[in-house]
Amino acid sequence: MVKKNIVVVGTQWGDEGKGKIVDLLTDRVAAVVRFQGGHNAGHTLVIDGKKTVLHLIPSGILREDVECFIGNGVVLAPEALEKEVAQLEDTGLKVKHRLKISDACPLILDYHVALDQARELARGNKAIGTTGRGIGPAYEDKVARRGLRAGDLKNMSQLKQKLQTAMEYHNYMLTNYYKAEPVDFETLWAKCQAYADLIVPMLADIPNLIDLYNKEGKNLMFEGAQGTLLDIDQGTYPYVTSSNTTAGGAASGSGIGPCQLDYVLGITKAYATRVGGGPFPTELRYDVATDEGDAVGKELGTRGREFGATTGRQRRCGWFDAVALRRSAQVNGLTGVCLTKLDVLDELEEIKVCTKYRKDGQDVFLPPSSADEYELVEPHYETLKGWNTSTVGIDSWDALPEEAKVYIRFLEKEMGVTVSILSTGPDRSETLVLEDPFEV
């Protein structure tokens, strides 16, 4: 078999079920590479009924013969890393010798978290809905060339000088602009010395490791976080994350050449969800706190257990948006789609799919680039018949209800991409592979 470099990305607003699919496919790879985002991601894996939630470490860590790389596109929170390593090793998994970290990873430090939270508070009802974990401010420091990187932990005297300079700037912003408490230098400096003990032994030249594995003919998996519609450039700006969540980010965020990427698998929920603020044309509004709103929105949220793995926040739920998926197919160059959570729709009498928007009396078949324009569109739906029977655990195409097959084929037509994998439940075993990405 010829080696394959597979990229796995979310095609919606995140929470599509990427972790399960990466874990499923990692029995065929030598390493899994995270290439963007930080510990704001929450990848939930269920294996033999046991649930594991990962925020930073690649999902391949649960397979003991798979190495895990954290690429330069990831912003690294040392405390989150330490906690996750400890939790995994408490279960008997050996983590540290299999985890390699790029020395170019920007570090998320206490002042990034303080800034993130102060900004969200200042935005009031215009809040973006960040996780408040310092992701955005850390990426800002990277682009402004004042960020501290994982490799800086190798030289503590230089690190101390860089930290003092960075903290002067950020504490000035915190105290004078946001009227918030400053971050204490001595406390953070002591933490950084402990961070070095944890991280420095795991530092590695990730682009070189990727190149060596490719030359040896080994398969690699590149694991995205969040989703395409949260991409800093292609998403519903400014209600986006601070990194490139699309397939192109796999190259810039890890150091692999783009021509080395062989297959782009887009993880796509059979309906739509979104966390936080921002446009969502197909939303079925329901508030779990008051138990008020749309009945189907409630059912999707309840059956789909739509609460964030990282924050616990209620996810907004809605019908499948094929307009948004067309954009995802374009900007990712999707080879195939993995459709997840089909079973959540099992008890619906009818299922709607948004096939186009209407704006100013015109049909719109691709999403607008700005959030302001996005808020003005109206969804146009096609209605399909539900199947009213369980699809949980179905492991063959022929065993699917006829109406479910019709729904899947309809989505394929509207997206312009073939469904290659079907997830019929949370467990690793509840998956139907229609087209093997490693065999294409």
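Heads up, the Cβ atoms here are built off N, Cα and C, so glycines get one too.
Remember, it's a predicted structure, so these values are computed and weren't measured experimentally.
What Swiss-Prot says about this one:
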ACT_SITE  Asp15  active site, proton acceptor
ACT_SITE  His43  active site, proton donor
BINDING   14-20, 42-44, Arg315, 341-343, 423-425  GTP binding site
BINDING   Asp15, Gly42  Mg(2+) binding site
BINDING   Asp15, Glu16, Gly17, Lys18, Asn40, Ala41, Gly42, His43, Thr131, Arg145, Gln226, Thr241, Arg313  IMP binding site
BINDING   Ala309, Thr310, Thr311, Gly312, Arg313, Gln314, Arg315  substrate binding site
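Distance from the CA of Lys20 (GTP binding site) to the CA of Gly42 (Mg(2+) binding site) is 11 Å. Taken residue by residue with DSSP, Arg313 (IMP binding site) is part of neither helix nor strand, so it is coil. Fewest other C-beta atoms within 10 Å: among the binding-site residues Lys20, Arg313, Arg315, that description fits Arg313.
Shown in sequence order, Ala41, Ala225, Gln226, Gly227, Leu230, Val275 are the residues of the chain, 6+ apart in sequence, with a C-beta less than 8 angstroms from the C-beta of Gly14 (GTP binding site).
If you take the Cα of Gly17 (GTP binding site) and the Cα of Gly312 (substrate binding site), they are about 16 angstrom apart, rounded to a whole number.
For Arg313 (IMP binding site) paired with the residue listed as 'active site, proton acceptor', the C-alpha to C-alpha distance reads 12 Å. Of the listed binding-site residues, namely Asn40, Thr131, Gln226, Gln314, Thr424, the sparsest CB environment within 10 A is found at Gln314. Distance between Cα atoms for Asp15 (active site, proton acceptor) and Gly312 (substrate binding site): 12 Å, as a whole number.
Taking the C-alpha positions, the distance from Thr131 (IMP binding site) to Gln314 (substrate binding site) comes to 13 Å. Here Arg315 (substrate binding site) is positioned 20 angstrom away from Thr424 (GTP binding site), judged by their C-alpha atoms.
In this structure, the binding-site residues under consideration are Gly17, Gly42, Gly312, and the one with the smallest number of other Cβ atoms within 10 Å of its Cβ is Gly312.
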